[in-house]
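Feature annotations, reproduced from Swiss-Prot:
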DOMAIN    54-126  domain 'RRM'
BINDING   D216, D218, N319, R341, Y363, H495  UTP binding site
DOMAIN    421-495  domain 'PAP-associated'
REGION    544-787  region 'KA1'
REGION    611-659  region 'Disordered'
COMPBIAS  615-624  compositional bias 'Basic and acidic residues'
Amino acid sequence: MELDKDIQTTQKGFHCNLCHVNIPNRPSLEDHVKGKKHLHLLRLRAQRKTQEENSVFVSGFKADTSQTELKEYFQQFGLVTDVIMDKQKGVYAIVEFSESQDVQTTLAQPQHQLNGLKLRVKPREKKEFKLASRGKQDCKNTLISLDKLNFELCKAMSVNEQIQKVVESLELKDNEKKVRDLLVQLLQEVFTEFFPDCQIVPFGSSVNTFGLHSCDLDLFLDLENTKVFQARAKSSEQTGENQSEDCRSEDSILSDIDLSTASPAEILELVAVILRKCVPGVHKVQALSTARLPVVKFSHKELNLQGDITINNRLAVRNTKFLQLCSGIDSRLRPLVYTIRLWAKQKQLAGNLSGPGPLLNNYALTLLVIFFLQNRDPPVLPSVNQLKNMACEEEECAIEEWDCTFPSQPFSVPPSKNTEDLCTLLFGFFTFYSKFDFPASVVSLRDGHVLPITDFLKSDMEALKTADASSPKPKRSSAPRLGPMNVLDPFELNHNVAGNLNERTQKNFKRECCEAEKYCRSLQYQRKSAKGKSWGLVRLFAPQSEAAASSQPRAEKVLEVSVPFKPASLPESLRAQLASAGKDFRGLWFAEVCSAVQKVFNEILQCSPTEETQSLDKTDKSGSEMEVNNNRSLEDTNIQVKGEAGKKRPLSVEEGPSTFTITQAKRQRLDVDLEHPEPLHWTWTQRSRVWAGRRKVRRDLLKTSDEASKPEGGCVDMESRVTQSIVEKEEKLHDALEFKVDAEVVGGNESTKVVLRFHPSIDTAGVFQDFFHFLESFLPKMAETIMGRAEDITDMS
């Protein structure tokens with residue numbers, strides 16, 4: 001057996017540099033290189049290498065630039081498979097193409113511009129393949145052996161007991177809390193010397209009752225009293241002439257800065273100096289004054305702690321007290337949060353900052369648990385508005401003009417009438433979110449129920465216009481940043497705490513909830529195994545196995561393509577219409593998607609309609625016409641239903657098939673149920689292999705076209721030209737491909753999306769599977785691009 005580059009010979013046998021394991025002899029080595037772990041890492045390394053070769057590094061764009069805008073721009077150079085934004089937002093992005101040749105085409109362009117700014121585009125940095133050390137990750141996370149925990153869980157007699165054991169394994173111990181308290185006292189003493197009357201206030205996981213081993217120590221340096229002290233000192237014109245040298249050195253730090261006028265960056269630099277020079281054991285001090293939330297980071301050697309100090313984070317302190325209150329109101333909250341956090345970490349949904357892509361943070365996950373408990377019947381926890389009404393006058397609180405009022409003590413809140421145990425509630429959590437329509441919903445802990453996405457679709461400017469001019473809370477009028485998952489902070493109501501997530505993470509969370517819900521229905525979850533097998537939480541915490549992953553390709557046999565609802569990527573005019581439509585928004589959006597899908601088939605791919613699109617709408621039998629005002633003048637989107645319901649007639653290519661008429665009427669007249677629109681049906685024919693060789697044709701067109709850097713119609717125009725070139729140059733199919741497409745909008749008890757189901761009716765040449773495979777990625781992206789560009793097209797017309 002010839003050794004490959006990953007295998008190194010040692011005195012005691014062999015060492016696999018890829019898997020970081022020692023192997024005693026050659027037979028064991030042969031087994032190792034054929035094993036699942038080694039083969040998996042080989043595939044993963046090859047995949048990472050391909051991703052690097054097919055990607056470019058992009059910077060220089062505006063901070064509010066969306067993934068959709070970047071994707072649309074770079075689509076003109078090749079098929080974009082993914083756009084990964086940096087976690088701080090607005091600094092850089094990685095644009096991944098389907099082929100490395102597309103990267104060369106992109107880099108060959110002398111200049112790239114987007115939204116008036118010149119982009120910096122360069123090849124993606126090639127990094128040596130390395131798996132993050134588990135030990136390094138664990139020091140920032142749970143620092144427990146899952147094998148050891150599983151052993152303890154299997155000894156438990158019930159799921160309820162297992163959940164309590166999870167809490168005991170993960171929670172901060174009393175000695176850890178005491179160590180943190182001592183460090184807070186030390187910092188208080190030191191900073192009081194320099195900032196008289198200041199306060200060091202701990203917040204976050206260390207004190208919110210959900211702390212984990214080795215979690216960071218978050219601190220808020222409150223300087224309000226110090227500002228008053230400094231103002232008094234100036235007014236009395238006190239001097240330091242009679243002070244000792246040591247006192248003068250300390251006072252000189254404060255005298256060098258006016259806290260009332262100093263910038264946060266200046267104050268943070270001063271905080272960093274004090275930490276470096278005056279606090280024993282502190283090292284690795286770093287002031288991050290340009291971050292979204294300016295902070296000073298530090299480490300303490302002897303205590304093995306990492307800490308953050310902020311100077312303007314009162315809302316976070318109030319959030320911490322809110323979580324403390326919720327834990328005190330009902331003792332079931334803490335065990336559920338610890339269990340669900342560990343489950344989410346094991347499924348790579350949350351907690352692991354080195355994981356793939358943006359993940360749920362622990363705060364967002366905790367709010368999801370609280371919201372679920374607010375929606376039990378009867379509720380386990382009250383809404384924030386209900387808590388506000390239970391507070392007394394002395395407990396009223398407003399921070400940065402946000403109402404943060406709630407009782408200071410749990411005994412002010414009546415106990416819940418809900419008697420469900422932890423086992424049932426955990427099952428209920430997965431059931432609740434497995435059926436949750438994340439794209440069309442906004443989670444509101446303040447209201448205690450879901451808010452429709454249409455309430456947030458108006459632009460900030462429109463919201464400001466409609467806001468009460470006399471309102472003392474202008475921040476309420478600004479809208480939260482919408483995304484695939486929308487979870488409002490209970491107090492800062494324009495902050496989406498899950499705004500960092502992308503569609504992939506939201507889908508993964510929903511999928512894992514569905515899998516967990518199925519498992520929790522089984523006896524393996526509910527009853528202890530009499531044969532000593534894994535049961536209950538042990539199997540629930542198991543990472544997704546390769547066997548489970550291998551079962552996913554079966555779903556590919558279902559000929560379906562989905563277009564997800566992405567309100568953030570829609571043009572402003574359409575967002576305003578959807579907002580006005582309220583609960584009927586799905587019908588309007590469905591019409592837009594169908595119009596875009598028709599344009600992809602009819603204009604971009606040059607498919608021909610063979611019979612009129614038929615709808616099963618409940619219209620008057622004598623005939624009807626449905627008009628939907630969308631205040632836009634898109635070409636070829638005028639679609640009309642006339643004549644008797646169910647009748648068909650041949651259509652010319654120019655007319656195109658459809659069900660709806662989207663006109664420029666000034667008022668809406670709806671003759672069908674837009675809240676639950678009926679399915680649409682198309683039948684198309686295709687006489688050319690328009691899916692074959694598109695990348696090569698696109699590259700050739702970019703090389704020969706004078707408009708390569710700025711195609712007039714963007715990627716939509718370019719894809720149309722690619723199709724036309726294929727139709728003109730390539731041999732046509734001997735027998736035309738004919739296929740049916742059924743379009744249906746779903747939502748409510750599942751994520752809002754348009755599902756397109758395909759049925760090949762004539763496929764003599766056996767090419768439909770290739771065509772469908774091409775459409776799986778091409779059709780949703782092009783439809784979303786067309787809808788996202790609609791406003792620009794209107795402006796140009």
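Glycine is no exception: its Cβ is also placed from the backbone N, Cα and C atoms.
Computed from a predicted structure; not experimentally measured.
Here the features listed in Swiss-Prot are painted onto the structure.
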{"residue": "D216", "record": "UTP binding site", "DSSP (3 states)": "coil"}
{"residue": "N319", "record": "UTP binding site", "DSSP (3 states)": "helix"}
{"residue": "R341", "record": "UTP binding site", "DSSP (3 states)": "helix"}
{"residue": "Y363", "record": "UTP binding site", "DSSP (3 states)": "helix"}
{"residue": "H495", "record": "UTP binding site", "DSSP (3 states)": "coil"}
Other than its own, how many Cβ atoms are within 10 Å of the Cβ belonging to N319 (UTP binding site)?
24
Report, as a single number, how many Cβ atoms besides its own are within 10 Å of the Cβ of H495 (UTP binding site).
17
CB contacts for D216 (UTP binding site) [other CB atoms within 10 A, all chains]:
17
Max Cα distance spanning D216, D218, N319, R341, Y363, H495 (UTP binders), Å?
23
Express the predicted model's confidence over the domain 'PAP-associated' (421-495) as a mean pLDDT, rounded to an integer.
82
Tertiary neighbours of Y363 (UTP binding site) (same chain, Cβ under 8 Å, six or more apart):
N319, V497
Would you mind listing, in sequence order, the residues at least six apart from D218 (UTP binding site) in the same chain with a Cβ closer than 8 Å to its Cβ?
P202, F203, G204, S205, S206, G307, D308, T310, A316
Mind checking how the domain 'RRM' (54-126) divides into helix, strand and coil residues in DSSP?
20 helix, 25 strand, 28 coil
Taking the Cβ of R341 (UTP binding site) as the reference point, list residues of the same chain whose Cβ is under 8 angstroms away and which are at least six residues distant in sequence.
L170, F210, A350, G351, N362, L365, T366
